[in-house]
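**Q** Take this structure first; my questions come after.
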Amino acid sequence: MPGLSDPVAFIKDFAAGGISAAISKTAVAPIERVKLLLQVQHISKQIAEADRYKGMVDCFVRIPREQGFSAFWRGNLANVIRYFPTQALNFAFKDKYKQVFLGGVDKNTQFTRYFIGNLASGGMAGATSLCFVYPLDFARTRLAADVGKGAEAREFKGLGDCISKIFKTDGLVGLYRGFGVSVQGIIIYRAAYFGFYDTARGMLPNPKTTPWYVSWAIAQCVTTVAGIVSYPFDTVRRRMMMQSGRAKSEIVYKGTLHCWATIAKQEGTGAFFKGAFSNVLRGTGGAFVLVLYDEIKKVL
């Protein structure tokens, strides 16, 4: 584990996390866009009720037919730009927080403290990085939710256009809409994502010699469980993001709590999990990130 005074080790952590994240996110971009559309279509001004996607398969079929095959990667560049610092900071700060929460803790004799320390370090790492990259996360969501068929029908021309338009209409608040519930969700997700993964690997006889497929299986289980548990928070935050830039008369949700209540009342609790199966499939990429990160660190 790199020390706090070891900048080389910190940079290696940053590079390994960022590179592995960029590769995996590009690979699963089509799945992520489908997931986002299923989550926010009920609040989208571009998708009429009669034109809403019926499910994951319907969405996969209609996107290339209506928007072109390359539309599967709409917003992917913004996602890579966002995800590189997000994941890199998550991994880098995770080890820093582990030194704070796990310093001097023996995993064999202090398992409870070891487990809680891993949960805390993972959650704090996710929350810290989110503070820095939230506007990029916001823009990625809005670009992916843009279903305009041509340049003129698109709501935003690109990442810069999205950020500038929202900033002009709503200011910085618009770019950080949904931040509160995002922090709640990210702490829950990252706590499980890093906490359970590191705890499981820590219980192995020799993590450094563990076969890659064992690490992948552990990571797959972790990302699936973490994704499902935190999914409702993700749905609410993305619904809130969709309201930025709108006129007051077009605002549907008065706040985060009102959003939770409105979705549950009008659409049912199942609405919080729309696109969740796509998220499970996307989790394969998340599991790949964890394994690839460990492998890249061995090379660096």
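Every residue gets a Cβ built from N, Cα and C, even glycine.
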**Q** Given 123-128, 237-242, 255-260, which one carries Swiss-Prot's region 'Important for transport activity' label?
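**A** Checking Swiss-Prot against the ranges 123-128, 237-242, 255-260, the region 'Important for transport activity' one is 237-242.
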**Q** Kindly point out the range from 49-69, 112-132 that Swiss-Prot annotates with transmembrane segment.
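**A** So the range that Swiss-Prot calls transmembrane segment is 112-132.
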**Q** So how many other Cβ atoms are close to K94 (ADP binding site), meaning within 10 Å of its Cβ?
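**A** K94 (ADP binding site): 25 neighbouring Cβ atoms within 10 Å.
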**Q** What average pLDDT is reported by the model for the repeat 'Solcar 1' (8-100)?
**A** 85
**Q** Out of R82, R237, which of the binding-site residues has the smallest number of neighbouring Cβ atoms within 10 Å?
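**A** If we count Cβ atoms within 10 Å for the binding-site residues R82, R237, the smallest count is at R82.
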**Q** Reduced to three states, what secondary structure does DSSP give K94 (ADP binding site)?
**A** helix
